[in-house]
Structure formats: C-alpha cells, structure tokens
C-alpha cells in the first residue's frame, strides 16, 4: 500500500512522520530489508516476515508435516482471475527476493562479539574462541518471466513446459549472479575440514587475524548456499462466474535443502527472504476481482477482492481502496469505482491498512454551549438553522450520491428490491431523524420554563466544565431528539410515536409511546458517545427538579465491566458536580426541597461495602483509623477532586455512617468547596456528592446510578432496591436519609428507637419515581448467557415499575458495534429499537460525521515464520523500543538531524519537520514511548511478562540500553493499581518518579552517578519549556542548556525519558473505557475471538496521534490466518464484519436460573410494600403470603416479569410451573428464611451459573453462617 496517498504536496504532520518512521524501522528488521550485517544469528532465525524456508533433511523424511509447513512455509502463492487476451498479449511475472551469505567477521567484531544481540530462537552455541557468524544481504535480480495469454485461457493442472523452462532460467540466472556478486564484494566465510576454533595468536591484533582468515580461504572454499526455486502455474475454469475468465494460481517455492551441519553450525542459510510476486498484463489481458463474500451486499461496499494469497495477500496498487483522490476526497466519502479491472497485482507478506480519521462534521453550525444556554436569544435560531442544514443535506447530498452509484455497472435500480430500495430506506431513516430533531426543537419552544430551561442549564453546566466550546453535531442532534421522549412523562402531548408512522407502518404498532423505543447510539470508539448520553442525563436532572421531582434516581447507567464503570463514574461525577453548582444558583431549585445532584456507585461488596452497619456487621469500625486505611483506599473511586484536581481522601462519618470522598484542597481554590451551602445540606463543605456503599444508595437515592450490570440481580435479595427503581420511600430519617416500612434504612446504627421512628421521621412522597433514563453502555458486551439472564431481569424491573405506575424508563443504548442491534434489543428489553445516526449516503459519511484524509492508525499484519509466536512479539517490542530510545538520544545529541527530517526514514518526504524546536519533538516522542501488548489469555500474559524480564531486558542490556518498565492490566488488577498506571501514562512529568527512574538506571549501570544533578536540571528545564503556562523558560533556553550539557548527560536524559512506564501487557479489560491519548503503539498476541473485541481493543491506540497496531497472527490458528489473508479487506470494513451478538432470552433452562430471583424480587420489591404482607424475608410470613395471595394474579405478574412470552408456549409453561412450585415450597418448607425455602437461591450475579449445592448449618454453627451472610 502506498502511504503517500494524501492529496496535494503538503508533507505529513510531524506525528504522522514519527509513526511512519517507527513502523518502517520495525518492519525492516522483521523482514530483513536492512543494510547492516547480521552477527551471531542465522538470518532465518532473525527475519520472520516474508521468508520461504528450505527443506531440511529432517523434513525430507516427513514431507506431509502440516504443522511444519505453517511454521516454516516453503512456498508463497496467489490465486487470481484473468480475462481476455489475444495473440501476442502476455502476463509478466516478476519475483522479488533477497538472500544472505555468510562472511568472515572483522577483527573488531571478533573482539567485541559480546556486544552483539542474538535474537534467534535456537539455543546459542557460540563459543568465544570460534569464528563469529556474520551474514551479508544480497538482493536477487530475477529476470521477468513472460507467460503468453493463450496459456492462461485453457484449464490445466500442470505447469506448461514453456513456463517451467523460463522460470528455471530466470532463477538460475539470479542465483548465479548472486554468487558472483558475493565472491566479488564480500570476504566470504570459507568452509574447511577443521573446526572454527580461532587460535589465540590470531586475535592478538588485526594483522594476525587477517592472516588467519587468508589461511582458511586458501585451505577451504566459500560456503555459499545452493539456492533452488521453482514456479508452478495452474489454470482452472471460472465455473462460478461463467464468463470468459479463468482462475490462475501462481506459486513460488524454495526447493533448496539445508543440511543438518549447515543448520547446527550456522554455515549456510538457503532461505529466500522478502519474497513477493508482481503480475502485470499487456494488451487485452486483464485481471478481474473475486467477490469478498464475508461482507454483505450493500451499495456502499467495495467487495472486490483481487486475489487469494497463501502466506501473503494480493493487492491491486492502481485500485487502492485507501487512496485519496486528486480532489482530496477520501474513499469513505465517495462511491466505489465502477466495473473495476486491473493490469497489475502484487503480493504483500506484510499487509497493511491505513485507517483514516472519522470525525464530527462541521456543517458551519454553531453548537457552542454558550449560545445554546440562551434559547430565546439565539439558541432556538441555531437549532432551527441546523434543522434547515439537515433538510438541505437530505436534498443535495443524497441526490449527488445516487448519481455516483448509478454509474456502477452492478447498480440495481429496482425501487422495490434493488440497491435503490436500500438507498431510499436509508434516506427515509435520515428524514425521520430530522423529524425527531424538529420535534425536539418544538418541545423546547412550547415548554420554556421546564423543558427549555433545563436545556439551557445543561448547556451552562457543560460550558463551565469543558475546555472545548461546544457539542459535536451528532451529540447535539441526539440530545434534542431525546428531549420530547423523556418529556412525555410530564406532558402527554409528546407521547405520540408519529415519526414511526408512514414508511415504518409495518412496525409502528410495536411502540405505544416514545418511551418504548430503545435508541441505540452508535459511533466509533472515542467519538463522544459518553458526552452524548450525559447531555441527555444532565438535561433530565434539571428537568426533574424543575417539574417537581426533588429527589430520586434520574438516570441508571450500567456497564458490563468493572473498569468501564469506574472510569465512566469519574467522568459522570465531574459532570454532576458542575451541574449541581449551576443548580444551586437557581432561586427555585437551588435549595430545599430540591435536593443536591449526586452520584451512586453500585458494584457490590467485592469492591465497595454493602453496608457500614448491620447485624453482626462492624464495617463502621473496620473502615476507621489507621487500621482501616487500606480499606478506605480500596473504596476510593474518585482519586482527585473533579472541581480543583486536589487529592481525595475517603473518610467515615460518625453520626450518619457514611463513607465519604473528601477534597483535600483549599476552599479558596476549589469551586465545589466554595459553593453556597443549604441549611439542610447533605454534604459537608469538603465532601463530594458521591455514595459508594450500597446502603447509602438506598438512603439517598442518588441522581445518577453508575455500576456494573450484575447489580440488577439485587432485586431478588434486597427489598430496598425498590427505593431506586419504584420510589418506595415514605419517610426520611433526620439522620440517615430515606426510609420505608416504618424503619430507618440504617436501623442498626440509628439512635432513634424503632417504635418512635415513624413519628420522628419526615413523610416524603416521591414524584414520578422510576428513573427517566437507563443507559446500558457497551450494549454489544451483553451476550450469551449473561445477556439472556439480564434480559429477564430487565423486563422484571419494567414490570415492577408498571405494577405501581412508577413511570416507564427510556432506554438509551450506546454501542461501538451495530450488527444485529434490533434482535439484541428485542432479546434484552422486549422493545423496538432505532439506530442513531442512520447510515449516510456513503460508507464513512453522514450529516454528522465524515472521513478525513489523515491517518487514525496503521493496522499491520504479520505471521511469524521460522520463529515462535512469543519470540516474534518480543522481537517487535525490542525493535520498537530500541528505536524510541534512539530517537530520544538523537534528538538530544543531534537535534538538527531530527528537525530537518534526515533522521526519519520511510516518511515519503524530505521536508523539515513542522516543529520549531527539539523540545516539541521530545514531547511528540513521549506519545509513542508506551506500548501495549494485547493478550488473549492470562496464560499468555504470564509467559510474555516472564520473557520481557528474562529475554527482552537482556537484549537491551547487551546493547548497553536501559530495560523496559512494564506493568500489567488484567481483570485481576486492583482499582488502585489501574488508576496509578493510567495516571503515570497520562501524566508523565513527575519529578519524584523521574528521580527514582534515574536512580534505577544508575543501579543497573546504564547511567553514571556523577551526572545525576545535571540530568535532573536539564529535565526540569525541558518540563518548564513544555509548560504552556510557564512564561519564564522557553524552548531557546532549553536548547542552550542542552547544548551546554555533556554527551553523557544528554544520553542519560534520553534514557530517562524512554524509561518511564513504557510497556503494558493487558487482557480485554483494557478494551473498554480506557481513554488515554498516550497509547499509540499496540501489538496483538494473536487475533481476538470476536471482531467487536478487536475493534474496541485496537481503538485504544491512535486516539489523538496516528497509531500503530501490529497484529501478529498465530501461524497455526486457522482463524488468525484467515484474517491475515484478507487483511486489507477485513480492516476496511471492520465495523460491518462484526459478528451478531449471540443472545437468546428464550434459551433452554435460562428461566430456571432467573425465576428464583424474579420471584423473590416480586415478593420483596412489590408485595412487601403492600399492606398486610409483613416482612417477606421471613419464611413464616412468606408462608402466610402464599396462603392468601391470588395465585392467578401472581402467575400473570410473573409472566410480566419475563416480558409476557405469549409466542413461546414452552417458556410460558415453565414460568407457570416454577411459580406454582415456588408457592408450594413456601408453604411446605420450614426454613427460617424465605430464600431458603425455594429450590434454588436467587442469582447474586448474572454470571452466577454454577450448579448450587444447599448447605445448612447445625444449630450450634448458625451464628457463624449468619455472620458470613452479613459480611
């Protein structure tokens, strides 16, 4: 692929050039395209990309060894389609390859042999008194092989004699020329009858050593490999297409044989390196593409596949899908080429895909927070202008696109079944988006005091919080679209689903109100989905307060992964705090009875405690004092104050028994601490509005709940969950917050006597209590059994809300993958779904966003041959970090070489860098200094971590360089460690940490101790010069100090800058929610199991700078090899090749897992709050309930909990039978607890699928078991 594909002659940006240089440097080392000599290693042990191995004598005994052929292939092939051709037309096949020959070492190489790094997989047998193995490269010059077109028109299984003869002559000529070149230009190693032992006298000086080599040359003969290669051509009929084309298979094979002695003693290496084929046609003969079948048919897609490769891919350079056209239009913003053919094809053994930036479109729209915070004076006008722009885009761009598509020969213009029908469907979907947006504008206009004012306050809060000025276009349109849907809970006139009528009449009946529709928010990772749904959430918070909902949950956000929920929680906490500062300034909602906005973290006792008080619960004491410091630290979920950046400490309050997050900053510097406090304030001046203890959440009903998806199972064992989902709160304790059923929620720590509690507590009446919004983030992760179980609980919660008319919750589902979203939403929520944004007229353009001709990331495919999978990863990391170290050192020692661009290779330009000073380059390099290796299993991580220490660090040490500073991020890594790692990467300038790194380098002998002070001084000057707020020290001052420093000082600073945390091994826990700008190099230890995971993981690299993603396929895994062979095509359509989410809410036996929890949920979170039911935790009360309840009504309610499965009779029958069985068990069992009477305990987690074994304690041990239950 040509990387110089940008339009015009402007040189690429500096970060792009650095990325290209690093890529080219690493790949040169992997394929062997280097000028330097190779010492100690066999070339085939070092260069693992694009090599064709010889047959070994051992292989001759087992020619059918399939594993060996994958690990060390001998052939490379391409299968292509050719068409046409008349007499005189021909196909020219050119072979590119290189070979290596063994030469004599120089005297310096012999005496410094220990300084050379050996990267070979074989155990080194390199005695110090033997001749050092050294090899030199020769590029083969293979004459082109002409193939008459007539030969390609008739199917044949064997290679025609004329082609065999021409190929034999071409290879013989090339190998003879290589031998002659080697004899004339190299001091070739001579093979003698003696061994390679060098007499001590020969190493006394250079003259003696040369004399020794001359004697060997006279006694022996040059050890040149006996290279042999062949070409096979097979012609097959193209039966699938039925035209005049044929399918032709070309394969080049290495037919040399390597002897055991040559391999053992590193003498001859007959491997062919950097092997590639070029095919060119002349006259009427041409190549035509296959169809890339994994990609579904769509008028936007270019499904042309130019060939099937073996140990390579096949590309057509003149038909480059990634090319920006002469007008600067990238490929994602135009129709695919019409009826393509090609005259030149090439194989690529290191395939590559350049993914371009996909970003928000401008459209000249003013989306500034400041403007939208005043609807009457410009905000509504701005929204109307955007709506008009959308209408114009609908008219102009879709018509222009349709013109382009109709130029394609394969376009089907049938308006009912053809491409035109699909095109019109997408155009209609965009028109419905416009209608919904206009509907939102009208809702804002009609209700200025509630809907409109909430929108203004939301924008004001965002303006205060963010450094950027306004919304991305898709975020603003989405927020406005959602406004009338949520407002329909207050205003019935917005309860119609009119936009789904007409063209969608066939599915209009599935949504009775806008709240029924699940809006799936799709945008590529890093595009701003979080801010979009947070905008809706903050508007809903203000809307709730303005319409009289003074307390209770507004939004419930759920995340499948722990780390994801933690990172999002921190972002949401900042948003809520700034929103509350705005709220406090409003005269009508700024004080009691309007409660503060707050956050609740709902993840379970493995991360934060369920309660601080309780029966046999001493958590309140455990978390206090010095002995509780580690527990408090583990419970910290917000490490620094979102308002001022000061550190946060977790403290335990005495009276109200809370675990609080407190800002340690000064009230003069912290906007939160200097806020105006209400007389009935919940939070002290320094306390953040954050709750992390489950029981606190039930007591304060935080405005936004954020936590893991598993916590939904709490309805089956925690009756207070009703406080959050249905507002079953009737009292407010003067000390401990909301309460119900006549008792304090913190009853074990409340000083008020229970008999007096109802008299002393304040009555409360929740308003429209169900959360307005539910946001299951990363929807695509809800799959398989976890998705099925969650689907049951989702409809269970909805049924509990419907039973008490608490209001219907609107579901917004952000996702990074869109395949099969309607089926997934149906299985989860039993609701219809709509996608936003709808597909645009082109592959990567719609009204809201478009592709830009700048690099987002380079995807690079590698299959290691002749080297183990793990060692190829280690080699890549070595090459990469060695070059990072080189660039740091070169920048400090010879900045002119770097600033002029002379030090950067493979960048397609000789222009100087844009940077004016070397400190800017050093800052850029820091964005590339940390690599991530993505692991498919913990076992791989254990092996790789060990190899980094034992192998990679040894390579660097042998080369006189500092070792790597590595960390690990897996599902077992603690919160605190994760946050520390991310903080180190995001904020590398830490004086104390850098001093520790320098001391470590001194201890390792990499840096001299006497330069410590000068290095730290130069480092401080560099930091100051990069600080935009520092007006004293600038780039010039740093450059003066740099020039004045000694070479040792400059090198030591280079090693220091390159030795900050620089490599991380991570599993899939890093694939979601880890948004770090300084991750720009990533290596995959094999292909992840799903495309969605691959998209999410690889998007960690290249978020702010052009990223490098090396996908190192496992050479014996068929799935890895399949992705490698279709590498360019696969990566061009990653989003479209995501596998549908495997989920089935009606899976056999799933109801048996979830029924106990939903049955208990109905009892605890519904019936227990109805008059006369009593405490249904106790078995005796549950027995009385079972005797008195209307069984028919209960069965219908349980069917409702499962989403009324009318179309699934077997499922319906199972629910009814299990419900009848549960009631019978309540009556017949004598267990003290209700949950103990039913056959299976309620799920505690959606992953709780193990077979349960009931354990009952003897009477004398009951207190032990009860204590365990209460922890």
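Here, residue 1 is simply the first one shown, and the rest follow in order.
Keep in mind that glycine also has a Cβ here, set from the backbone N, Cα and C atoms.
As annotated in TrEMBL, region 'Disordered' covers the listed stretch 45-75 rather than the other ranges in 45-75, 76-106. Per TrEMBL, the listed range annotated as region 'Disordered' is 319-339 (candidates: 319-339, 340-360, 361-381, 382-402). Your range for coiled coil, going by TrEMBL and the list 252-279, 280-307, 420-447, is 420-447. For the region 'Disordered' (319-339), same-chain residues at least 6 beyond its ends with a Cβ under 8 Å from one of its own Cβ atoms are 1-2, 5-8, 299-302, 304, 306, 353-354, 356, 358, 401, 404-405, 407-410, 842-845, 850-853, 1128, 1132. Away from its own ends, the coiled coil (420-447) comes close to residues 298-299, 375, 380, 383-384, 386-387, 390-391, 394, 398, 401-402, 405, 411-414, 455, 477, 479-484, 487, 491, 494, 498-500, 503-504, 835-841, 846-847 of its chain (Cβ-Cβ under 8 Å, at least six residues beyond either end). DSSP states for the region 'Disordered' (319-339), grouped as helix (H, G, I), strand (E, B) and coil, give 4 helix, 0 strand, 17 coil. Averaged across the domain 'Helicase C-terminal' (993-1149), the predicted model reaches a pLDDT of 92.
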